[in-house]
Amino acid sequence: MGKAIRAQVRIILPDIGAFDPMPQTKHPSNAPQLLSSVTVARLPARQAHAHKGDFGHVLVVGGDLGTGGAVLLSAEAALRCGAGLVSVATRPEHVSASLARLPEVMCLGVRSANQLMGVLERASVLVVGPGLGQAAWGCSLLSAVANAERPQVWDADALNLLARTPLALPSGSILTPHPGEAARLLGIATEAVQADRPGAARKLARRYNSVCVLKGAGTLVAAPSGQLALCERGHPAMAGAGLGDVLTGVLAALLAQGLDAWGAACLGVWLHACAGERLGKKGRGLAASDLAPVIRELLEEHSACLA
């Protein structure tokens, strides 16, 4: 275990023993559930007559000028984790490059929130924040997304904008802050978040009535009820740009396939961390785009497509 994980265990795990799966219906405890192949949810096997409409439609909103790659990382992760349909809403300037990179994705160029309305109605799960920016364009798109009653995954600049302008998130949503974003959302210093990561994760989950994934060494998943899970997997090679964008796509795909926010967050975090471990054996230079194919393999090992 790394230093950060050991610190969390000292705070909330004074007596570590065997951990059994903790269903969401149990009363919350100060001790977290440790994420493992046993404790995380499983996707059901697919029926022989299944079609793409059975597995949801993920819409990824973001990619301001200069950061168009972020939405593609999320979209590819959603595809590789089994979402039936994936759309991207981004700057018109990014459409051609997006389609060249991911021809499976439906890509919409939007200059204003008004152009987003049709695809918002068709999507079943929304991702907002990757590469969104904090200028007027990003603000208008975030407001439109927040008003859509769909399960959502908020990351990156969506969280920074949320810290400036409080909004109510739809039920069944997931927040994925890193420590700096968590600090801005709570109005405290990053050092204070790191000093009590379990407390910070639980506060965010309660404040926004959403599942909170507090990223970092020893990622934590917190529910509004106080339930807490700790991921002790991962690898230092994962310290790089874009890996959080991949995680948002994974979470959205799991939501689209029927898992609730808690189940999707726990399984998604575990898959993401285990993929980093597998790739980390090669050492430095892990790129975010390396993760999606490995996450696909891990998901199949854990939740086989066919019974």
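Each residue, glycine too, has its Cβ placed from N, Cα and C.
Together with Lys215, Gly216, Ala217, Gly218, Thr219, the AMP site in TrEMBL holds one more listed residue from Gly187, Gly242, Gly244, Gly249, which is Gly244. Per-residue confidence over the domain 'YjeF C-terminal' (35-302) averages 98 (mean pLDDT, predicted model). Under DSSP, Gly218 (AMP binding site) is assigned to coil, being neither helix nor strand in the three-state scheme. Secondary structure at Gly131 ((6S)-NADPHX binding site), taken from DSSP and collapsed to helix, strand or coil, is coil.
When the binding-site residues Ala70, Gly131, His178, Asp245 are compared by Cα distance to Lys215 (AMP binding site), the shortest distance belongs to His178. Close to the recorded (6S)-NADPHX site, the chain also has Gly62, Thr67, Leu73, Ser74, Gly129, Pro130, Asp155, Ala156, Ala241, Gly242, Gly244, Thr248: residues not among Ala70, Gly131, His178, Asp245 whose Cβ is within 8 Å of the site's Cβ mean position. A C-beta separation below 8 Å, combined with a sequence spacing of at least six in one chain, links Gly131 ((6S)-NADPHX binding site) to Gly62, Gly63, Asp64, Thr67, Gly68, Gly69, Ala70, Val71, Thr90, Ala156, Asp157, Asp245. In the shown protein chains, 22 other C-beta atoms lie within 10 A of the C-beta of Lys215 (AMP binding site).
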